[in-house]
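Trainee: Below are the features I grabbed from Swiss-Prot:
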BINDING   148, 149, 150, 151, 152, 153, 154, 155  ATP binding site
């Protein structure tokens, strides 16, 4: 246990000088006991000086304070004692319910599983959300990204997925709140408590108001807890809200560490940092991690380096579109932009595949005809095109669905739609069985039978 002293403090970056024979290693944790602050070593500058990032506010620090080297990376509690608790980046409880009382602690920096230990993900995971199950099905042990700009419903979709999967799937879940609103964290905690699944969820928060060090490392803290459950042979769910804030924290830290920025001001190590995190989120022969990650898209630009780097790592991408949200269709998933590796006749079966492609084909044709309709009106279309447009508008409305977590706001009870019913319903619309129903009947209903009932009342 060597001791050093602080020599320079610039925001969240603190330089510490140690005796030359006992310089701490990169990623080792240091403690400033006077203020109870943990630092993480990022660079060795030579002459016994290391550059560190503070895992907390650096207010009240001054030069010459004593710093202790713990001789190991940051470690956090793992295991069943973390369930039902809210912890911060260091694994300290923040829910005022006493110590975690863990039996084991793991380092947050770990190697990704070896290539021969990985197992492919092909089993489907039903979410009960029509548009997702039909167009971009999720795999058990797969990685899913929810992409969307500000205010199109990433967090609400995430909450609904957690509600549907966590209540239907009886395993453990870990939720990492990375740089999101504290209010959402609080809402989420109460949502879990009310649906009686809190005792199966570990919550790790590093919110918007935290220093960049916390936001950069909190994703790793949550991931480490999920990895422990996976190594025990369980199938665990990992929710991360929001991956973009992880990148953003990296950008803030990178600038403070004095690195040259790359495109759009991001850190030069963007792809590597993303890879280090994403390669650990994977399924092995022992157990699986199914991860659902919200990805904020700055200014609705999917080609921005941050979302673009995330795309490469995912099995399924659910793209939320502002144009669809403007029509009042929620979930605002874009069925033409969202993709999934699972949408393959060998995995989902021929019928599901054909129905999904027919739905997309109809919507694509409608999109192409929109300009003609805007200029010349519906009357100028051929009979066949009129029918396509009418069906596409029904499909578009039928892709909306009332959510359980949004009941309070919408006043309509949530619906969980099994995959079989989803496929049959859309097959019927595409084949023209419901051409006689008005399109309003398809808006905000669960199954097709509800649409038929609704049509009778109109």
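Using the three backbone atoms N, Cα and C, a Cβ is placed for every residue, glycine included.
Just tell me what is around each of these and how deep it sits.
Mentor: Every protein chain shown contributes to the tally, and the Cβ of residue 151 (ATP binding site) ends up with 10 other Cβ atoms within 10 Å.
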Trainee: What other residues of this chain sit with their CB within 8 A of the center of the CB atoms of 148, 149, 150, 151, 152, 153, 154, 155, the recorded ATP site?
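Mentor: Everything else in range on the chain: 296, 320, 325.
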Trainee: Which residues in the same chain, at least 6 apart in sequence, have a Cβ under 8 Å from the Cβ of residue 154 (ATP binding site)?
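Mentor: Those within reach of residue 154 (ATP binding site), by Cβ under 8 Å and sequence separation of 6 or more, are 146, 147, 148, 241, 242, 294, 295, 296, 320.
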Trainee: Are there residues of the same chain, six or more positions away from residue 149 (ATP binding site), whose CB falls under 8 angstroms from its CB, and which are they?
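Mentor: Residues satisfying the criterion: 296, 297, 298, 299, 300, 320, 322.
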Trainee: Would you please pick out, from the binding-site residues 148, 153, the one with the fewest other Cβ atoms within 10 Å of its Cβ?
Mentor: 153
